[in-house]
Amino acid sequence: MPSRSKSSQRWLKEHFADPYVKKARAEGMRSRAAYKLEELLQRDRLLKPGMVVVDLGAAPGGWSQQVRKSMGDSGRVVALDILDMPALAGVEFLHGDFREQAVLSQFEAMLGDVPVDLVLSDMAPNKSGMDAVDQPRMMHLAELAMEFADAHLKPGGAFLIKLFQGVGSDDYIRELRRRYEKVTIRKPAASRKRSPEVYALGQGKRVQIK
């Protein structure tokens, strides 16, 4: 078996020493990403009892798990992913690609006439390590998530999405400002400092794009 590269060994060492990884294990959370969302939800008071929350690209389920934990037994949490995800109590999971009409039809049938209050996306591509490849892939996923929110989020609702700072991210944020009354950029404490990731939060979805 070939030995791990120095960069791989360094990543593993950092990963297992990470306080958020340790906390996730101790508290039974599926990923350290849950603590990024926990901070964002609390800071901006995004959740209220009875809300309908949609989590795009939800696997392995850390964000959906955090939303359900924060809301208790009220409201609905709907998770979508092209990857399979083990069941989570209180989370409705739709396995499929939300770009496909058949999957969207299933989603719409699940919700009926119930409006969506909050759309979340922590989606990211498998990283190649090359910005010229990774950044366009990331922006493509972000565009898909924004289109989903355009179509399914209720007026006045909120949209929270992960972005990589780089080519296209400023233009994307400008597009968010056309769609939402208030747009804020956040970098939660659980985000690694060297990571280009930030979270864009749009609140107060406009009835019409400006």
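Including glycine, each Cβ sits where the backbone N, Cα and C put it.
Quick look at what Swiss-Prot lists:
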BINDING   Gly61, Trp63, Asp81, Asp97, Asp122  S-adenosyl-L-methionine binding site
ACT_SITE  Lys162  active site, proton acceptor
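Feature annotations (Swiss-Prot) mapped to structure.
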{"residue": "Gly61", "record": "S-adenosyl-L-methionine binding site", "DSSP (3 states)": "coil"}
{"residue": "Asp81", "record": "S-adenosyl-L-methionine binding site", "DSSP (3 states)": "strand"}
{"residue": "Asp97", "record": "S-adenosyl-L-methionine binding site", "DSSP (3 states)": "coil"}
{"residue": "Asp122", "record": "S-adenosyl-L-methionine binding site", "DSSP (3 states)": "coil"}
{"residue": "Lys162", "record": "active site, proton acceptor", "DSSP (3 states)": "strand"}
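Taking every pair among Gly61, Trp63, Asp81, Asp97, Asp122, the residues recorded as binding S-adenosyl-L-methionine, the greatest CA to CA distance is 18 Å. Remark: of the binding-site residues Asp97, Asp122, the most isolated position is Asp97 (fewest other Cβ atoms within 10 Å of its Cβ). When other Cβ atoms within 10 Å of the Cβ of Asp81 (S-adenosyl-L-methionine binding site) are tallied across all protein chains shown, the result is 21. All protein chains included, the residue listed as 'active site, proton acceptor' registers 22 other Cβ atoms within 10 Å of its own Cβ. Note on the binding-site residues Gly61, Trp63: the fewest other CB atoms within 10 A surround the CB of Gly61.
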